[in-house]
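Look at TrEMBL and you will find 23-319 tagged as domain 'Gcp-like'. The Fe cation binding site annotation in TrEMBL covers His115, His119, Asp313. Feature annotation from TrEMBL assigns substrate binding site to Leu144, Ile145, Ser146, Gly147, Gly148, Asp177, Gly190, Glu194, Asn284.
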Amino acid sequence: MKILAIDTSCDETAVAITEGRRIISNAIYSQIVIHKKWGGVVPNLAKRAHEEHIDLVIEEAVSKCKKRTSSFSLKDIDAFAVTYGPGLGMALGVGINKARELSFKYQKPFVGVNHMAGHIYSSFVQNSAGNPKREISFPYLALLISGGHTELVIFKDHDEFEVIGETLDDAAGEALDKAAKMMGLGYPGGAVIEKLAKKGRVDFHTFPRPMKRSGDLNFSFSGLKTSLFYYYRELPEKEKTNQLYDLAASYQEAVFDTVIFKLDKAMYKTGITSLVVGGGVGVNEYLRGKIRALVKKHDGTVYFPARKYLYGDNAAMIGVAAYFKAKKNLYIKNPQELEREPRLRLSE
Ligand code: ZN
């Protein structure tokens, strides 16, 4: 079953053609240069850029398919899939309208996918040769960690999720981006902080570990950001430069230490030691090292997305999630009824 999937939930215009768990072709137009000067994603600019690029990105995905099968055309697609939430409302609408239009034009079934479910499936996305093999055997614990989300989820079965922990304010990636912005390090800041942190001392300054004693599996990162703000404000200008590496290292440590603490707790609480990781912050090597060590302690297994681009927003993961929904016959009967849901949750 060939699926054409679209994701326009944030600042990437993403289209993929998938078959089962395999990617046949993948195309992404990144808007990062557009939003960079604003220090964050601007919704109406994102919407406009999606509108301007969506047809081109679809064309690119189709032409990549043609390189493999010259006779390929959109008529060969068996179903159209689209992310309908969570995300920026205006941005989501562009992808939904386009997928609806294609489904109507080619008279093929329509699948709506939760963006976060896509991130969970990203560890099971295969290349065109069917690698990595990774059989899916439930249940899994999923850590979703990105600029917009920090969630702990039990992945019970296809399309069956239970959120057991989530952030009450900022996401982990947001806490890193905002810290970078505060220190004048540019956007997106997580990657800059990772780079600087490699040269710094993690024990230079002890930032708070928020919610550690909360007893539940939820996160909160806004206090951590505030703590950095006051600390940084009081520093003499010269020290701000001298301590940059150490500040990046100890701040990043506070964010990741909190994540690992809750993940550890979730593994004990649920008894589930098979872990999947999704979301842009997962590319951070230091974090992955910490996750591997934790999973080893629990004698478990961890699957990360097989390629770097599969961590961030992409449509291949949406195509794979859609495939398992299609197998359960979870099609949207009337495509006009699929509404964008910016605050969509996984448990719904
Ligand atoms: Zn995402």
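Note: Cβ is positioned from N, Cα and C throughout, glycine not excepted.
Sequence-distant neighbours of Asp313 (Fe cation binding site) (same chain, 6+ apart, CB under 8 A from its CB) are Asp7, Ser9, Cys10, Asp11, Glu12, Ala14, Ile28, His115, Gly280. Surrounding the centroid of the Cβ atoms of His115, His119, Asp313, where the record places Fe cation, the chain contributes additional residues within 8 Å, namely Asp7, Ser9, Cys10, Thr83, Gly87, Met116, Gly118, Ser122, Ser146, Gly278, Gly279, Asn314, Met317, Ile318. Take the binding-site residues His115, His119: by the count of other Cβ atoms within 10 Å of each Cβ, the lowest one is His115.
Averaged across the domain 'Gcp-like' (23-319), the predicted model reaches a pLDDT of 95. Among the residues the record lists as binding substrate, namely Leu144, Ile145, Ser146, Gly147, Gly148, Asp177, Gly190, Glu194, Asn284, the two farthest apart have Cα atoms separated by 18 Å. If you take the Cα of Asn284 (substrate binding site) and the Cα of His119 (Fe cation binding site), they are about 16 angstrom apart, rounded to a whole number. In the vicinity of ligand 1, defined as a Cβ distance under 6 Å, the following of the binding-site residues Leu144, Ser146, Gly190, Asn284, Asp313 are placed: Ser146, Asp313. Cα of Gly148 (substrate binding site) to Cα of His119 (Fe cation binding site): a distance of 12 Å. Proximity of Leu144 (substrate binding site) to non-local residues of its own chain (separation of 6 or more, Cβ distance below 8 Å) is seen for Met116, His119, Ile120, Thr150, Glu151, Leu152, Val153, Val277, Gly278, Gly279, given in sequence order.
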